[in-house]
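Feature annotation from TrEMBL assigns compositional bias 'Polar residues' to 61-70. Taken from TrEMBL, the feature domain 'Cation efflux protein transmembrane' applies to 210-420. Look at TrEMBL and you will find 35-70 tagged as region 'Disordered'. Among the features that TrEMBL reports, transmembrane segment is placed at 209-230, 277-301, 313-334, 368-388, 394-413.
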Amino acid sequence: GWQASMKSGNLSYILQCNRLPVQLMSQVRVYTSNGQKKDLGSEDTSGSTPEGTLHKVGTGRQDTTNAGQKQSFLKESIQVKVKAVLKKREYGPKYTQNNFITGVRAINEFCLKSSDLDQLRKIKRRSPHDDTETFTVYLRSDVEAKSLEVWGSPEALARERKRRKEAEIKYRENLFRNQRLLWEYREFFGNTKPRSSAAAMFFKGPGKVVMVAICINGLNFFFKLLAWVYTGSASMFSEAIHSLADTCNQALLALGISQSARTPDPSHPYGFTNMRYIASLISGVGIFMMGAGLSWYHGIIGLLHPHPIESLLWAYCILAGSLVSEGATLLVAINEIRRSARAKGLSFYQYVVQSRDPSTNVVLLEDAAAVLSVAVAATCMGLTSLTGNPYYDSVGSLGVGTLLGTVSAFLIYTNTEALLGRSIQPEQLQRLTELLESDPVVRAIHDVKATDMGMSKVRFKAEVDFDGRVVTRSYLEKQDIEQLLQEIQQVKTLEELEAFMLKHGENIIDTLGAEVDRLEKDLKQRNPDVRHVDLEIL
């Protein structure tokens, strides 16, 4: 085997195969970021071992032979390649020296004033917002030093933060009381505030459809209830309950529309657009419980305990009026869905099944069910009048309940799918994928997800493998190559090399960020429904 001894960086090897002692010495230099170097070993030109003598292998004649071979071998020169490396910098588990923060964060988190920031270094950086190209940031280390200068010590800064936190909690507790006082003031002196955008939503689009449906279904409920009290018909009772359920559910839809217009806040950064789906889901459950449940109950009671029915003349008149009013509301909903589907490039059926506008869908299905249920109720009541058999009327109540149950099941399914976050259509996803893959800075994309967040808002996410050579070339195309070449030729020391690489490395990272912003903008232009884009760099 090999025998080796090591001491102070000198390596001594003895080759057992030919009894030839060979001693190899090398020199390794480690460079730090400040240009200092350390010699870990020195070349031994004397040819002596660390102990001052060579290991003896064999005796007598073998010693003489090995000595001659050793002298001839040591005459050959040995070339050693010196490797210069930078000393690794240890940053620790938490390193915030080079972090940037905005002026708002500096004022809020470090309890400073805007005048305190005027004396700090201002740095222009690429803005993450679409409406501005650059914005001003500050070095976190400068802000921390300024806060200690203002407050004197970290303990005093902590006490000020605690005091402000308590004041914020107290303000939030009093906020509801202040809003209530403001509401009472408005009621007493009159509200002169201009109509809000939420109120304006009820005069066009889905809001208008819902308000028309509330008014018509409320009147229908009142007249159907009078007809049921006068005739005692089970079918007329089912129709009255149906109109009541429609009125309550559409009032719930109106609440959902008004809540969806709220602006996003820190607790809900993506807004409140899903409130429409939540209201529609609750509406579907309400139709099932109030409409279908009570209709089935009353129909079963009529089958088990039949009783004669009074004159149905008024009931027929009220049903005819209800048919006209429900039909008018149904036409309003159909026209609104056709207009919206045409704007989205979808068919009428696709728009309804995908639940693009849950509020209008509920009105459409409820009014369609109302028209059909009026026809069922009128048919069963007519059979009862002709035959005198009250069982037909009870069967009509069961039929209306079954129709309402089917509508409620469809509403619950479509709105649940929308709330779970379903993917967009495969054709739309393919167009977005092709846009990314055809870009020269993109090598490959993985884990692509495009989620429909509701109300024509799509969130797109993908992991992108960028081509670093194309990004670097994009940066170099904006530079003066002659000047860059001169900078390279002036690099003589490790400190200059490190400064050169850090300078242009940071600029290349900024170029990569600009490419990401460009891709996000292109995705939003390709599909206007895309509102949020998350591109993760591999």
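For all residues, glycine too, the Cβ spot is worked out from N, Cα and C.
Two recorded stretches are said to be in contact when at least 3 C-beta pairs lie under 8 angstroms, sequence spacing 6 or more; the transmembrane segment (209-230) and the transmembrane segment (394-413) fall short of this definition. Between the transmembrane segment (394-413) and the transmembrane segment (313-334), the number of CB pairs under 8 angstroms, six or more residues apart, is fewer than three, so the stretches are not in contact. Long-range contacts of the transmembrane segment (368-388) within the same chain: residues 217, 233, 235-236, 238-239, 242-243, 246, 309, 312, 315-316, 319, 322-323, 326-327, 330, 395-397, 399-400, 403-404, 406-407, each at least 6 residues beyond the stretch ends and with a Cβ under 8 Å from a Cβ of the stretch.
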